[in-house]
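Novice: I grabbed these lines from Swiss-Prot:
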REGION    1-25  region 'Disordered'
ACT_SITE  H55  active site
ACT_SITE  N128  active site
BINDING   Y338  heme binding site
Amino acid sequence: MSNNKKLTSLFGAPVSDRENSMTAGPRGPLLMQDWYFLEQMAHFDREVIPERRMHAKGSGAFGTFTVTNDITQYTSASIFSEVGKQTEMFARFSTVAGERGAADAERDIRGFALKFYTDEGNWDLVGNNTPVFFFRDPKLFASLNHAIKRDPRTNMRSAQNNWDFWTSLPEALHQVTILMTDRGIPKGFRNMHGFGSHTYSMYNDKGERVWVKFHHRTQQGIENLQPDEAARTIAEDRESSQRDLFEAIENKDYPKWKTYIQVMTEEQARNHKDNPFDLTKVWYKGDYPLIEVGEWELNRNPDNYFQDVEQAAFAPTNIVPGIDFSPDRMLQGRLFSYGDAQRYRLGVNHWQIPVNQPKGVGIENICPFSRDGQMRILDNNQGGSTHYYPNSEGAFEDQPEFKKPGLKVEGEAYEYDFREDDDNYFEQPGRLFRLQSKEQQERIFENTANEMQGTTLEVQHRHIRHCYKADSEYGKGVAKALGIDINDVDLEVKD
């Protein structure tokens with residue numbers, strides 16, 4: 001007698017034959033009453049959910065975050081309340097531009113999203129493996145997506161579209177420079193740093209606020225691929241980073257990262273030379289040193305990729321008391337776009353999917369005002385309890401003890417041009433370039449020339465001009481690699 005599980009329909013009815021359809025005679029047409037065939041095909045036709053518009057190709061794992069340093073002077077967040085405290089977490093790493101089937105070893109930014117299941121609710125910290133971004137206003141989000149993805153006519157990735165967009169934004173040079181360095185192709189997800197990128201805020205139990213940036217430093221060491229190595233890797237294994245992460249965890253070689261913050265007081269922010277909320281710039285560590293916070297380890301692979309990785313939903317609106325937002329325009333834009341994208345992709349009740357549930361609080365303790373919606377399957381839809389406020393039963397009482405400290409804002413509502421406030425586009429990419437060794441600088445030139453193949457002379461001149469303004473040797477090196485005489489480039493044009 002077989003101990004194998006017996007095949008049933010989705011609703012539990014036994015299936016008598018899984019291979020042969022019901023027909024009118026041995027060679028006749030199929031019958032519509034073959035309900036199992038209909039059920040199978042109808043489900044198959046709907047298996048694929050919308051992929052993420054960005055960060056479509058990803059890998060993830062569960063782990064544990066441990067506090068290693070007391071930062072309660074900055075934040076009242078329970079997750080950081082005492083040294084040694086541990087919190088369950090989930091991490092998802094990804095490429096950005098490629099679709100769900102893209103190769104892992106492409107030159108691209110890597111997504112770096114963390115979900116902490118704290119005892120005050122889920123905290124999502126979304127970021128990348130770079131500390132900056134291409135621009136600083138979210139109105140350009142959709143255009144970036146269009147420029148780096150497939151051309152509407154050819155349906156092919158277009159270097160011209162990509163570089164035309166990047167070079168039309170002088171503030172993009174910092175991110176582009178990072179992307180053209182050796183770190184543009186990490187060997188794997190385990191061998192790269194991560195950044196919250198945005199400026200966030202923290203406040204303590206006295207209501208005192210500071211601005212912070214998050215850093216996650218790999219304990220496996222930084223390792224990258226050169227273009228020829230990446231090409232071989234892609235030819236041999238398109239899932240190289242995913243395989244490396246999965247197999248390391250399966251073999252109990254658990255990857256670890258240390259988390260740090262940079263802290264800027266409100267007074268320092270008011271006197272900062274640049275806009276401290278500008279996502280195209282970093283805070284220099286010499287001025288704002290790294291402060292250790294904790295360490296996290298990924299130690300459990302998902303049992304099912306679709307359930308835990310594909311359906312993982314991150315949104316920077318998922319914060320906890322003691323952590324808050326900032327005037328960073330890009331962060332403000334993401335506060336809407338991330339949650340909205342997840343509601344489109346997974347439905348309004350995606351918070352009930354296991355990987356997204358507030359495990360640290362317990363689903364039974366969730367008391368949301370929201371009801372109904374597709375796939376409301378847990379919490380009995382709050383049963384027959386009161387579903388409005390105010391009410392006479394005291395349901396949905398506020399928790400005023402968790403009010404945030406006030407944030408002073410001023411000014412007229414207007415579409416302010418960032419460039420009129422700050423046109424210091426080139427200082428930081430120039431400084432980054434000079435931090436590279438001569439060999440690393442040469443690779444930046446070579447990588448740039450390779451990536452710019454297929455672009456117009458106008459776009460190439462524009463990029464050379466930006467590089468030259470960051471550092472003359474940077475501009476000369478890129479020009480030489482592209483086979484362009486630097487004297488033929490108008491270096492004084494203001495883009």
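Cβ atoms here come from the backbone N, Cα and C positions, even for glycine.
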Novice: Using DSSP, how many residues in the region 'Disordered' (1-25) fall into helix, strand and coil?
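Specialist: Here the numbers are 0 helix, 3 strand, 22 coil.
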Novice: Tell me, how many other CB atoms lie within 10 A of the CB of H55 (active site), whichever protein chain they belong to?
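Specialist: Result for H55 (active site): 22 neighbouring Cβ atoms inside 10 Å.
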Novice: Give me the count of other Cβ atoms within 10 A of the Cβ belonging to Y338 (heme binding site).
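Specialist: By my count, 19.
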Novice: Could you tell me the C-alpha distance between Y338 (heme binding site) and N128 (active site) in angstrom, no decimals?
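Specialist: Between the Cα atoms of Y338 (heme binding site) and N128 (active site), the distance comes to 14 Å.
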Novice: Report, as a single number, how many Cβ atoms besides its own are within 10 Å of the Cβ of N128 (active site).
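Specialist: The answer is 24.
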Novice: For H55 (active site), just give me the three-state DSSP call.
Specialist: coil
